[in-house]
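Undergrad: So that we are looking at the same thing, I have put the structure below in structure tokens.
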Amino acid sequence: MIKSQNISLSIEKLNSTQRHVTQEAGTEPPFSGKLLHNKKSGIYHCLCCHQPLFVSETKFDSGCGWPSFYQPISNESITYLDDYSHNMHRIEVRCSHCQAHLGHVFPDGPKPTGERFCINSASLSFIDEETGEKTEG
């Protein structure tokens, strides 16, 4: 799963929630993520390898308890996997660079895509467009 020494070093610095979410395909408790209510302009990156994943303009409040986006920054930034855990079929989304678990995508989002990328804050870092400040989820 890990592609470089830099990613290995980043993973070593993760807290227990971040490690559980990104490396064990875990889920943080709903409404607990640091980035859920973030309204600033900027870019959301993979916490493990820093690959850009989502832009703030595609974030919306879905009411589900996790940050939601209607599309990734590019189709190449995300890997999609069938997930049959919990006796249901879902589509898991992972970072295409390091394969860190991000969350799931559902077909109930807003226009223009109709998709809802339901993403764990613990798998993301956010870079504020105005200040350059980094916030980890």
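Glycine is no exception: its Cβ is also placed from the backbone N, Cα and C atoms.
A TrEMBL annotation is a machine prediction, not a hand-curated record.
The feature active site, nucleophile is assigned by TrEMBL to C118. The Zn(2+) binding site annotation in TrEMBL covers C46, C49, C95, C98. Residues or ranges marked as domain 'MsrB' in TrEMBL: 7-129.
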Undergrad: I'd like the per-state residue tally for the domain 'MsrB' (7-129) from DSSP, helix first, then strand, then coil.
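TA: Each residue of the domain 'MsrB' (7-129) counted once, the result is 27 helix, 40 strand, 56 coil.
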Undergrad: At the Cα level, what's the spacing in Å between C49 (Zn(2+) binding site) and the residue listed as 'active site, nucleophile', rounded?
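TA: Pair distance, Cα basis, whole Å: 19 Å.
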Undergrad: Across the domain 'MsrB' (7-129), what is the average pLDDT of the model, as a whole number?
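TA: In the predicted model, the domain 'MsrB' (7-129) has a mean pLDDT of 95.
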